[in-house]
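These come from Swiss-Prot:
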- His141, Thr142, Lys285, Asn294, Arg303: substrate binding site (BINDING)
- His177, His222, His277: divalent metal cation binding site (BINDING)
Amino acid sequence: MTQLSPVAVSMGDPAGIGPEIILKAWQSWRRRNGVPPLIALGDIDAFTATAQALGLPAPCPLPTPTREAAETLDGLPVFDVGVKIAAPVRPGQPDTANAACTKAAIETGVRLALDGQVSALVTAPIAKSVMYEAGFAFPGHTEFLAELCADHPVDGPKGPAMMLAGGGLRVVLVTIHEPLVRALSLITPQRVEATARITDAALRRDFGIARPRLALAGLNPHAGEGGALGDEEIDILDPLAARLRADGIDITDAQPPDTLFHAEARAGYDAAICLYHDQGLIPVKTLDFHGGVNITLGLPIVRTSPDHGTAFNIAGQGVARPDSLLAALEQAVKIAECRA
């Protein structure tokens, strides 16, 4: 098997739980056999302050993002991203002055992944409102990553598409970070088709599933009940599913969302195509609140993230759990191995 280069983890918002869960995840990850080393991207001062406050092992500066360099260090390897924390980090109190360092960590991770210096990028949570105040022009990580990768070819349909996985369930969203009223207007045949094609290709390439089975969630109660409760299934979703099947993609007609996620139904598909954010995230987080993973499909790089936010309310208390970050690391390595 090909020996993978390190897996990079971007710092996230330094006032959130990102530095804490990265430090904790590294302690667990370094004891595992057969996995590439974890390296953190950001300002080492943020990690050092967190380690000192919580009694965790001190991080170490990483001069070069190589496997050999990372494996020689006795603390979390932190690769400098060229932008320092501009304001003192106060757990639970984000500062827009530090958004530039947060952004630089993501950009550095993408650059290293595109150059093949890291096998995958795992992103710790950012605070969208803080980033917006600092001039960040993207709805979230997913869209920003797509922009950074826009000039690079993809093996298959180009994304991005957001997959959430946990508890044996995979869902992929047609609309992502949109208010529900706006999301309804964005559920077009083109978007649904693109999401299904990206998902089918990713399940083959990144998950090793030779013949992926997709389930399509309906929009209306009871999937419209034959038009009695809405026409979107009849007019948009079912005809599109028929066209996709004619092209060799195994996808169901629109299914009632309220019966799509129980154990017996989940056994019949490899991923569910969900039309808006909460339709997909509620079942995943219900099944696996602490271990859910966000996976960006249709990029030239491997990117995953924990399926939770910055958790400012518990930052600095030492109680943040690294479970979802560890699951994101595991998933990133599996995908990187499939692509290797």
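Any Cβ shown, glycine's included, is placed from N, Cα and C.
Ranking the binding-site residues Thr142, Asn294 by how many Cβ atoms sit within 10 Å of each one's Cβ puts Asn294 at the top. With the fewest other Cβ atoms inside 10 Å of its Cβ, the least crowded of the binding-site residues His141, Lys285, Arg303 in this structure is Lys285. Candidate binding-site residues: His177, His222, His277. Nearest to Lys285 (substrate binding site) by Cα distance: His277. The most densely surrounded of the binding-site residues His177, His222, His277 is His277 (count of other Cβ atoms within 10 A of its Cβ). Largest Cα to Cα distance within the recorded substrate binders His141, Thr142, Lys285, Asn294, Arg303: about 19 Å as a whole number. Secondary structure at Lys285 (substrate binding site), as computed by DSSP, is helix. The secondary structure of Asn294 (substrate binding site), as reduced to three states from DSSP, is extended strand.
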